[in-house]
Amino acid sequence: MKFFLLLFTIGFCWAQYSPNTQQGRTSIVHLFEWRWVDIALECERYLAPKGFGGVQVSPPNENVAIHNPFRPWWERYQPVSYKLCTRSGNEDEFRNMVTRCNNVGVRIYVDAVINHMSGNAVSAGTSSTCGSYFNPGSRDFPAVPYSGWDFNDGKCKTGSGDIENYNDATQVRDCRLVGLLDLALEKDYVRSKIAEYMNHLIDIGVAGFRLDASKHMWPGDIKAILDKLHNLNSNWFPAGSKPFIYQEVIDLGGEPIKSSDYFGNGRVTEFKYGAKLGTVIRKWNGEKMSYLKNWGEGWGFMPSDRALVFVDNHDNQRGHGAGGASILTFWDARLYKMAVGFMLAHPYGFTRVMSSYRWPRQFQNGNDVNDWVGPPNNNGVIKEVTINPDTTCGNDWVCEHRWRQIRNMVNFRNVVDGQPFTNWYDNGSNQVAFGRGNRGFIVFNNDDWTFSLTLQTGLPAGTYCDVISGDKINGNCTGIKIYVSDDGKAHFSISNSAEDPFIAIHAESKL
């Protein structure tokens, strides 16, 4: 009995770090700005059969409808109420999506905007996605309801009321982030309204939350809110399951607020990951892929079991957030596929794949003046995600998660789950390879010359299908074939001019 109790306690303590994905599913995808009806379809027709574990959805609660500029993506980070009513859909559509995705084993993670309400300069009225009245000037949000008592105006000590100095941890938490009205999260009433919103989502069936702007909330206030949350819906999750929590904290070093301040609440976004990996794959600042041998904690990242990792996110793919120009995105497709491939093959962290939309980039003095542009739309109504005959997406939806190289690496990660990082090779430059136990092996050529070498893969003998150049279909391979001999060795040849200069094989790609 003692042993059982000990296990139970450990299980309980670790609960918020576990993603609640179905057994054998190891990644989630951010379907940025997608409509709930399209996500429900995507769960059924693509994500479930391809082995994706879940979807991070855009904030589902009512937000300001901003018309200047016209309907920017960031309007969704300006809450008006906790009604489930946005451009992505209403509450019925949200419930339908959660049910349909859970029924095929794909989880839903909500981007929860709980640090603040709308900007202080937004005009009073009903320009909101559900028509609720709000008056930022008088701190009046009757659809919640919040009033002047529920904000941090009295606590913030800066002249402007906004955050002015990131070296002052107190103002980062108690003042307004770019003018957004900062909620008084130490008040039990405010905590209760937020918990009520999150519990509504949990009861519908969501599996966890991305906590937006966690750096701007005191870790103790977050904990107090999490302590009020329900267990997950037992229709889909084991009894007693806790929501998966991952907190958005931008910590590139050099500031008093650290990612580690938040480990007690759940996982944390590791922004160093994409910033550093982009620098390495771009070969900037003398970086090379051979240096990736001790990738992860060896690079000064947080512990693997606390990290949520990604190559790019909705902020830094358009120059917001962290990482600057080193961040790789779908605009840099060749290098991007290599970076995502490396991330999905490497055991560090819990992985999130990005799925974007195109927008008309326009650089002036190094800045994209169109970085605000919202999702593909007809006069403000988000466009359907159409699927082309070749399985790519139309209507300016990029759907990186459907690119063969990325989708197949999501499966690679599932196949090698739990296997150690083994058989590292590098040429001292940008040709590297590594295995995952006896289940998978991947080789990269990011040098300006051909790679041709026999390497120890650790895999059983046989013919394998490279899942980067093709697919294993009915026992045949549409891409490059790799022959592993009885001693586990295989010859790899990768031209530096190859469309995708990397090769990946795994136990389930064996012919």
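For all residues, glycine too, the Cβ spot is worked out from N, Cα and C.
Of the listed residues Cys43, Cys101, Cys130, Cys130 is the one Swiss-Prot pairs with Cys85, by disulfide bond. When His67, His216 are compared with the Ca(2+) site residues Asn115, Arg173, Asp182 in Swiss-Prot, the one appearing in that site is His216. Site annotation (Swiss-Prot): chloride is bound by Asn313, Arg352, and the candidate from Arg210, Arg407, Arg436, Arg439 recorded at this site is Arg210. Swiss-Prot lists a disulfide bond between Cys101 and one candidate from Cys43, Cys156; that candidate is Cys43.
Nearest neighbour of Cys101 (disulfide bond) by Cα distance, taken over the recorded positions Cys130, Asp212, Cys393, Cys465: Cys393.
When the CA atoms are compared, the recorded positions lying within 10 A of Asp182 (Ca(2+) binding site) are Cys175, out of the candidates Gln16, Cys43, Cys175, Glu248, Asn313.
Considering only the disulfide-bonded residues Cys43, Cys156, Cys465, Cys399 (disulfide bond) has Cys43 as its nearest partner by CA-CA distance.
The number of other Cβ atoms within 10 Å of the Cβ belonging to Gln16 (pyrrolidone carboxylic acid), over all protein chains shown, comes to 20. Counting every protein chain shown, 24 other Cβ atoms lie within 10 Å of the Cβ of Cys399 (disulfide bond). For Cys175 (disulfide bond), the nearest of the recorded positions Cys85, Asn115, Arg210, Arg352, Cys393 in terms of C-alpha separation is Asn115. When the C-alpha distances from Arg210 (chloride binding site) to the recorded positions Cys43, Cys130, His216, Glu248, Asp315 are tabulated, the minimum falls on Glu248.
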